[in-house]
Protein chains: 2
Amino acid sequence: MTRQYRITLLPGDGIGPEILAVTVDILKLVGTQLDIDFQFQEALIGGVAIDETGKPLPDETLEICRSSDAVLLAAIGGYKWDNLPREQRPETGLLAIRAGLNLFANLRPATILPQLIDASSLKPEIVEGVDIMVVRELTGGIYFGEPKGIFETETGEKRGVNTMAYTESEIDRIAKVAFEAAQKRSGKLCSVDKANVLDVSQLWRDRVTLMGKKYPDVELSHLYVDNAAMQLVREPKQFDTIVTGNLFGDILSDAAAMLTGSIGMLPSASLGLEKPGLFEPVHGSAPDIAGQDKANPLAQVLSAAMMLRYGLNEPKAATKLEKAVLEALAQGYRTGDIMSQGMKAVGCKAMGEVLLRILES
Amino acid sequence: MTRQYRITLLPGDGIGPEILAVTVDILKLVGTQLDIDFQFQEALIGGVAIDETGKPLPDETLEICRSSDAVLLAAIGGYKWDNLPREQRPETGLLAIRAGLNLFANLRPATILPQLIDASSLKPEIVEGVDIMVVRELTGGIYFGEPKGIFETETGEKRGVNTMAYTESEIDRIAKVAFEAAQKRSGKLCSVDKANVLDVSQLWRDRVTLMGKKYPDVELSHLYVDNAAMQLVREPKQFDTIVTGNLFGDILSDAAAMLTGSIGMLPSASLGLEKPGLFEPVHGSAPDIAGQDKANPLAQVLSAAMMLRYGLNEPKAATKLEKAVLEALAQGYRTGDIMSQGMKAVGCKAMGEVLLRILES
Ligand SMILES: [Mg+2]
Ligand SMILES: [Mg+2]
């Protein structure tokens, strides 16, 4: 039977429209092959939304997103809007859509692709086979905790204050996402905190441990954040799925991403309790090469794969996309950002055609 | 004219007494050569202090330390004391002496020694020449901020809370240490914060920027902590001196240390506004090899070099020690922890004799 999904497309700014167009063609083909009917609808976000409506996230866009099964975002921002006040900047649209869809779980894979292993600053034998998923809490912790601000002390000097806080229910829901992600992967979950010093981390560790009892098939371990940062550098292969709070996840997901050496290849997913989730590449809108058919569409394609796996529960289709990307790299096709000697240089559209050809064969 | 310094020695537990004994012999020799009169006094800390006095930091030890020009600590802790309540554990002695001496600045170098470059998990061309100094604030920030604890919310669930806070004067004094450290080094200082999200970081950035006006010879830059973690992995050579708060410094100093691949080689310094500072290796007490003449004394010797440079302002003597360590490695001498093929395996004492011979020649 045909499965139907409504997908909201948010092309955004810079190279966004180009890489998303390539991805939509690929989704259509895979849909035909696997009897999935994708219904695409486009909406505005970021700089282009500011230009057309004055707001980085128009209400209409949020409504369209809410009524869909998944949201596929490309990239936002550009020089043109950099000097606007903060609430009118493209990035504010991104924060607003995450909040508007209640996306509290950020999934950031850091996978070494064998064809690009030389891009890593680490030795090949250290990073070979690295396949890490960082599950980061996205709507709580110190980035949102109250009280916050700059206050005056009794002695008249300024004191800057932020609050790192988590409630039991906030911890439970992100832990659940992480245990389920670990189940879909190797069944290993490492929770990262600073429970030897922080009370909020002690609660975090207690609740994650408790949740672990419901997932006896997942092997749970705990690391302090400073040790986790060390271990990521020392022996990244020891990790599979990592779950951690907003600040620690911000730091560790970026450090883990950098282990691959090719951040332009990485997708991400942001999930809530219900549909729709939001799927987008980690890289930005690259305004310097926009409209020149030079962009690398692979992180966008891999974001669509995450949408299929984590947003629509279509693992077969997800695997098809992931394998096509690996095969295109194995055949030597490279966009400019990942080009190396002896490889075949292609543009954005040509890379898309390579993927279509691989999927058809 | 002879300079006189009173040095308190805290041998502590495990391999502590062995590596400190080697270091004291070296200091005595260098003292004779450079007309420095070191007066050593020993005191108890850690497990050995618990065994003899019931306390991990006896009052007498703190008094002796306060009356000296510098404190040279080896290592504390061991299996024997692991099950005591937290306030009676050896590690509590370490926290207590830092607080008792008001040591708010932690200096953690991460230096690639060319002879040990293969120990790094990063490619040699990436880490060659890396020489980073992380200046971490040690007595403020989220590890100490109030309110903290686990509270009940209105809906009856638990909420864990910690407070990241810095006052202007706390920021100013650590910034001053960092600018002065940068002056003694290459004149480049990178301040790490999360000012795009955190109010406390915005105050941090403002004060560090202001302090920078007093140090026109130091080139100041700023990075967000997630980007700093990425850049440490991507291209560590871009860093010289880094200054940051307690939590970020905890994470980044460990990540930077791990870039070297040989954490057993790294010293550290903790400084206050006045003498004495505390100088100790980053490694632990290694109870499994204690008393077997297998320990690596080089991090302790390098800690003595930091004492000479940052605690006693004797840079000439510091350089002598550092050069002797490099020369011993260049001559192929290795303790078990850093042994590799074709090198000469030596024990702790023999490594000390190698250093003495090099210093005498
Ligand atoms: Mg980040
Ligand atoms: Mg640490």
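Glycine is treated like the rest: Cβ placed from N, Cα and C.
These come from TrEMBL:
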- A:6-355: domain 'Isopropylmalate dehydrogenase-like' (DOMAIN)
- A:78-91, A:284-296: NAD(+) binding site (BINDING)
- A:R98, A:R108, A:R136, A:D226: substrate binding site (BINDING)
- A:Y143: site 'Important for catalysis' (SITE)
- A:K194: site 'Important for catalysis' (SITE)
- A:D226, A:D250, A:D254: Mg(2+) binding site (BINDING)
Conformational class of A:R136 (substrate binding site) under the three-state DSSP mapping: strand
Residues among the binding-site residues A:G78, A:R86, A:R108, A:R136, A:D226 that border ligand 2 - Cβ under 6 angstroms, in sequence order: A:D226
Sites among the recorded positions A:Y143, A:D226, A:D250, A:D254, A:A286, A:K294 close to chain B [C-beta, under 8 Å]: A:Y143, A:D226, A:D250, A:D254
Residue pair A:R108 (substrate binding site), A:D254 (Mg(2+) binding site) - Cα distance, angstrom, rounded: 9
A:G78 (NAD(+) binding site) in three-state DSSP notation: coil
Packing count at A:A290 (NAD(+) binding site) (other Cβ atoms within 10 Å of its Cβ): 17
Between A:R98 (substrate binding site) and A:P90 (NAD(+) binding site), the C-alpha gap once rounded to whole angstrom: 13
Using Cα positions only, nearest of the binding-site residues to A:K194 (site 'Important for catalysis') (A:D82, A:R86, A:A290): A:R86
Of the recorded positions listed as A:R136, A:Y143, A:D226, A:D254, the one whose CA lies nearest the CA of A:P90 (NAD(+) binding site): A:Y143
Residue from A:R86, A:Y143, A:D226 whose C-alpha is spatially nearest that of A:D250 (Mg(2+) binding site), among the recorded positions: A:Y143
Closest of A:G78, A:D82, A:Y143, A:A286 to A:D226 (substrate binding site), Cα positions, recorded positions only: A:Y143
Densest Cβ neighbourhood among A:D82, A:D226, A:D250, A:D254 (binding-site residues), 10 Å radius: A:D250
Binding-site residues close to ligand 1 - of A:R86, A:R98, A:D254, only those whose C-beta is under 6 Å away: A:D254
Fewest Cβ neighbours within 10 Å, where candidates are the binding-site residues A:G78, A:P90: A:G78
Which of A:R98, A:R108, A:R136, all binding-site residues, has a Cβ with the fewest other Cβ atoms inside 10 Å: A:R98
